[in-house]
Amino acid sequence: MGKKGKKEKKGRGAEKTAAKMEKKVSKRSRKEEEDLEALIAHFQTLDAKRTQTVEAPCPPPSPRLNASLSVHPEKDELILFGGEYFNGQKTFLYNELYVYNIRKDTWTKVDIPSPPPRRCAHQAVVVPQGGGQLWVFGGEFASPNGEQFYHYKDLWVLHLATKTWEQVKSTGSPSGRSGHRMVAWKRQLILFGGFHESTRDYIYYNDVYTFNLDTFTWSKLSPSGTGPTPRSGCQMSVTPQGGIIIYGGYSKQRVKKDVDRGTRHSDMFLLKPEDGREDKWVWTRMNPSGVKPTPRSGFSAAMALNHQTLFFGGVCDEEEEESLAGEFFNDLYFYDATRNRWFEGQLKGPKSEKKKRRRGRKEESEGGSKLACGGAGTQGPVQVVKEVVAEDGTVVTIKQVLAAPGSAGQPRSEDEDSPEEAGSSAPGPCPRSNAMLAVKHGVLYVYGGMFEAGDRQVTLSDLHCLDLHRMEAWKALVEMDPETQEWLEETDSEEDSEEVEGAEGGDEDEDEDSREESGAED
């Protein structure tokens, strides 16, 4: 009895500390948010000029990360919304909506009146109601210099059948945040975690909210048991038994003034209704067997075949006294909730290329690209480990599966139906973090993300797919060469604070002009 009382008292103390920190962060960030709210309002004024929905064929979207890639519940389409891009001097944020037609291998830009404000690191969930709905909550907006942040707490729904945006206002919603996770569970949305940051302070969350899709009301859950510590960037999925898995994530703590210590979480928890009651939930810590991923942050997840959860990529940053070493990944892992077991994704390779691999490995050992990121029509996969050392001592290790150069991609035949059959055979997505994943008809799609080389951030715009039924080889649907992406060095000039509209996106024409000036790939 005494032990239980101590635990409850300790729990209440932690809640009070978190409440004080949230109040402190809120107070210090209020002025920043007021400044950014004016900027957001300016962009919303520009968006308000749209009076009708316009759908236009377009090239693939520009490089970005921390966007959302969702599967249309009724059509063979992927829906890309939002995201961010940094060119070394300015941060660009987007509220563009793109649709990728899987069968036709084409992109369409959909301009809809009164869209959500520009954002990244939000969450988007698709439900089948009413011909399909895309629900978007939270995310963040950044100043052009990337030093101030505004965290949204708004909820939007895109009605896919009518192509209209609607903001849904309801009391009791979660506080403003980004890096949270959200899933559809029965006729509810369930949201977990995230973080809120101002210039000097930050707070991470481990709270759980539900949004009822019938009554349009928020409720905060208070699960029993010991759940995850506060974190953002974790992964969240629904099990076949109706539970919800929380895995991994990232958080940091201040150890002394101006010194923070980050933690990459690799634990797993199960959240499920207690005794079948939807108003009472319980946390349980999980200890899966099998080969689990190495600790990392910035990894991505999607629901795969047989209700398994698929994990891809990420980065492991090792902080030392005078350097920061980052290792990026492009590996695949599967978690089977039915067996509570991890599996490492291994590709079989195309049957027709097995005899050519030995030669491919020999040729690959003779050279490789400094910033290689896949390639069309190559054969003979081999893993290459590269280290890039910057002037400041930063070491970035990139592990990549490359293929022998010199093989031209085969042209698409007229009788091919889908891009996963027609795309060029490639070694797959290069190592990256913060990529966007989606699975449709048993095919995994990986879009965008980023990796670092010294002080340079390379933002990606490539699109790859992998047939999860066959697990043979990746197909490159959209390619890019990171070498061609210009990086602008930091400057002490105050010119960055000018031309705010270009820095944050403006309208589409202004976006394209700004990216062309910065050398960014479209």
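Glycine residues also receive a Cβ, built from the backbone N, Cα and C atoms like all the rest.
As the structure is a computational prediction, the values presented were derived from the model and not from experiment.
Per Swiss-Prot, the feature region 'Disordered' maps to 1-33 (among others).
According to Swiss-Prot, the compositional bias 'Basic residues' annotation covers 1-10.
Swiss-Prot lists 11-24 with the feature compositional bias 'Basic and acidic residues'.
Residues annotated as repeat 'Kelch 1' in Swiss-Prot: 77-129. The average pLDDT the prediction assigns to the repeat 'Kelch 1' (77-129) is 97.
The feature repeat 'Kelch 2' is assigned by Swiss-Prot to 133-187.
Swiss-Prot lists 188-241 with the feature repeat 'Kelch 3'. Broken down with DSSP, the repeat 'Kelch 3' (188-241) shows 0 helix, 32 strand, 22 coil.
Marked as repeat 'Kelch 4' by Swiss-Prot: 243-289.
Positions annotated as repeat 'Kelch 5' by Swiss-Prot: 308-361.
According to Swiss-Prot, the feature region 'Disordered' maps to 346-378 (among others).
Look at Swiss-Prot and you will find 402-432 (among others) tagged as region 'Disordered'.
Sequence annotations record features per position, and here Swiss-Prot assigns phosphoserine to S413 (among others).
What Swiss-Prot lists as phosphoserine is S418 (among others), and the listing cites similarity to another entry.
Feature annotation from Swiss-Prot assigns repeat 'Kelch 6' to 443-494.
Residues or ranges marked as region 'Disordered' in Swiss-Prot: 481-522 (among others).
Comparison of 188-241, 243-289, 443-494 by number of C-beta pairs under 8 angstroms to the repeat 'Kelch 1' (77-129) places 443-494 first. Across the range of the repeat 'Kelch 2' (133-187), the DSSP-based residue counts are 0 helix, 26 strand, 29 coil.
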